[in-house]
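Scroll down for the structure; my scribbles are underneath it.
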């Protein structure tokens with residue numbers, strides 16, 4: 001059967017669900033796709049469709065980020081379901097780095113947990129502009145304690161640089177909304193959530209006029225067709241027939257885009273902000289990997305050495321407990337990958353304490369492109 005074309009009838013925005021493990025992120029994601037499909041059309045994704053890796057099903061948690069789509073009255077949403085488990089923080093960073101806004105889930109019956117704090121901090125660090133808070137599991141919560149939970153979350157938002165007083169809070173039960181899609185009382189919270197997202201999440205200005213650039217998040221081999229790379233386009237546009245380069249980590253390769261899709265629908269052209277899959281001519285799956293970028297020819301040059309001005313987060317800000325010295329080899333998170341680098345401090349600087357500002361030189365073990373943000 002021929003694939004449908006993707007029709008741009010509404011503004012597109014990238015959002016996602018973050019928060020502590022088992023606070024209901026995947027359940028809410030499934031509920032939103034069901035509700036959006038019922039009201040505005042689209043594909044229903046149930047819980048098992050989203051939690052679809054064997055290890056995830058076995059452990060009942062989300063490991064890699066999952067992309068789904070749904071619509072509100074005003075917008076088309078690409079939604080990433082982020083893992084909450086502590087072992088998978090770098091996957092959470094991969095998802096959060098693509099978000100224009102995020103839904104932070106907090107279970108009303110238990111309140112903020114360790115990963116709640118961590119995800120708020122990470123969202124701030126990777127540049128998520130705004131959060132909407134969904135107080136979940138209201139059907140299990142003590143009504144007298146819910147106000148205290150909300151106050152505690154607002155304090156956390158203020159602590160990590162968000163506006164705790166102005167951030168919207170929605171109360172509901174994602175499980176009830178998913179289980180009773182025809183019950184207006186159960187789905188009222190989804191109506192409120194989508195309406196709030198439409199009003200509160202600002203669609204950023206997309207860099208459409210810059211050279212095409214897309215960090216590669218995943219790589220697939222499709223029998224009979226070739227290799228597909230997926231990711232969110234950071235800037236520019238791409239269409240079938242465009243020549244592109246695969247840059248970073250390995251020697252640069254040149255290829256041609258032979259197909260562009262978004263959510264299994266054909267795209268005339270992918271543009272900044274779109275989550276796409278690009279089919280590449282003559283590239284084997286083992287020749288490309290997550291962490292590389294797809295880019296317009298000659299538009300970027302990878303580097304292994306750079307100078308940076310940094311602030312070292314203190315223990316209270318979710319950062320280091322101890323100082324570090326020249327020769328320290330941390331992980332640098334760039335877009336969709338992490339790269340080890342060796343730190344050299346300026347002459348006369350013996351060490352960097354938590355809370356310090358300093359300049360330093362970094363030598364990466366694999367090259368990255370100039371201007372890349374890192375955490």
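Every residue gets a Cβ built from N, Cα and C, even glycine.
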Matching range for Swiss-Prot feature annotation, region 'G2', among 60-64, 65-69, 70-74, 75-79: 60-64
Listed range which Swiss-Prot flags as region 'G3', given the options 81-84, 85-88, 89-92, 93-96: 81-84
Spatial neighbours, same chain, of residue 138 (GTP binding site) - Cβ under 8 Å, 6+ residues apart: 108, 146, 171, 172, 173, 189
